[in-house]
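Annotation comment: TrEMBL describes 1-16 as signal peptide. The domain 'Nose resistant-to-fluoxetine protein N-terminal' annotation in TrEMBL covers 62-217. Residues or ranges marked as transmembrane segment in TrEMBL: 236-256, 312-332, 352-371, 391-409, 461-477, 484-505, 525-546, 558-578, 593-613, 633-655, 675-693. For 713-736, the entry in TrEMBL reads region 'Disordered'. Annotated compositional bias 'Basic and acidic residues' per TrEMBL: 716-736, in sequence order.
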């Protein structure tokens, strides 16, 4: 009970914290103004005894803040509306503390709308409300084995949801979800800064820290406070809206152009693509790109099973992103959530490297498969053209979404969560989008990136830049290449082992992992192309093998069975090799993390390559082949890039509008609103950016070909007559 009363006292702050001399708000009000009616004063006094307002803010360095804070107390006792709004907008700790209900965000809109107007209160200064998000860290003081200390520790452990995702006071990195701090919202006068609130709360908590056996610490960052003026619509917001609307209008114009130049039979008239501008218009046509999207006819030599693999990996990454961002939600049963996150089955998400590496393997495989196909037919690799087409295909979409995040996202989320969740990403984008365009954003670290999902695109581009030279080396020196290949993999494995050991990094998401370790590990190995190169090289090697064997079976049944058994074992280790790390009480072992980081990319990469090889050579079971080559996956595969880019923005905006406590349920992970919005955004992005720009790149490089609409042409009556005549002639010949 002492702990619960102590935590409740965080908001039940006594209105007497002058730090040098006590301040009595009621006495001050009596000396300055006429007291309110006796009944009203009694009711308000009872309310303020239950949940007192903030103490005086501002020390000797901020006299204006101190004066405005004193005035707030005085006019709160007089029941002035502006003061009541500020008081009401601050957090009030509720129930379910032992179930992790420690996120109470207050009311941002009510806070910033609270204004003291001198003409309405008889003079004095003008005061506006400012919203501040504070983090309060609590830890038992000292260590012990007696019953009271153990009970105290158990209570705090429940309140902090077992620290399933921990964070420390010194770090206070809240751009990732964490269960450690109590997160509160306060409404203070706009003349006060985050330092005034932090210092006043910490000063007030000093006697509580001494008497309670708990160490309370309050932390606010430079961006923790915000007023109404900081989130106004500016010219860049308007420019972004106009730019996005212009893209839609240009696509609509292309659609109308195509329709106007289409014959009744469905054939496209030659005038439709006469001239560069008309070809450009046609490239952005919704109608044409929709047909390209849903066309499931593929070349015979295409590796169709990759579409199914890409779909499954994409869905798993969506679920992982959804789980991560949903943990920002102020759930009232977060301890239940942390219990749900325990167990071997959670390794499907904790070993997230597997799903990300799946895309790396597929990227390397597709790059080499078609490059070696050119080399086999005597063609040369046009490396500058490869770079240009790759850049033009992927860059515009990530640039547009970064622009939207930079200028629109802050207007789409609540003020509380702008400070708490999306603010760091918006601030990173405000520094400029040049790193996005030059693929250098990962060099500043994941927590400094403008658009976090772009890290995969950036590292993939870095590896793609190396790929032509690696492939040419393999093609020119086929006998020496395997030895150099294996030696390179060994060097990369040793380098990753050494880096993890030296920097105490995490190569999987263990239970209780701190956000500091997550960010540090991501910055050193996750967004570093050198440490992501192993599965990419395996993909390059598989593409070469499939081309020189012409996708034909060259291994015996025994060899295939042995390879399948090894691949299953490798996949099992990659997924569940460190499953004990998913349980409460796991203690981080750097050697275990280094070993897993060394062997996971090799073993998972081999397992995926073996699966693709089995499918490409038709050795895989029939049911698996039919599943992975289902034609519906072709359409999803074309949307997968846009789905990856848009999902975090959509999920973050939806979570960013959740400001009130509610209970968590598994169904929230599969929120149909999120799924529908991600599907719609990715469909639009694909139709107006990804598919059109493929034609634009061909138009610029000189490889443009008029679209073939033969399959959409409606047969005329004359065509039917000719077909019948041909059938009759063939029948007569057969009878003769």
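Cβ from N, Cα, C; glycine included.
Caution: TrEMBL annotation is automatic and unverified by curators.
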With pairs closer than 6 in sequence left out, are the transmembrane segment (675-693) and the transmembrane segment (633-655) joined by 3 or more CB pairs under 8 Å? yes
Would the transmembrane segment (352-371) and the transmembrane segment (525-546) count as touching if the test is at least 3 Cβ pairs under 8 Å, pairs 6 or more apart? yes
In terms of Cβ proximity under 8 Å, which residues at least six beyond the ends of the transmembrane segment (525-546) contact it? 303, 357, 360-372, 442, 445-446, 455, 458-459, 462-463, 466-467, 470-471, 474-475, 485, 488-489, 492-493, 495-496, 499-500, 505, 507, 597, 601-602, 604-606, 608-609, 612-613, 616
Counting only residues 6 or more past its boundaries, what in the same chain has a CB within less than 8 Å of a CB in the transmembrane segment (461-477)? 360, 363-364, 367-368, 371-372, 375, 381, 383, 386-387, 390-391, 394, 439, 484-485, 529, 532-533, 536-537, 540-541, 544
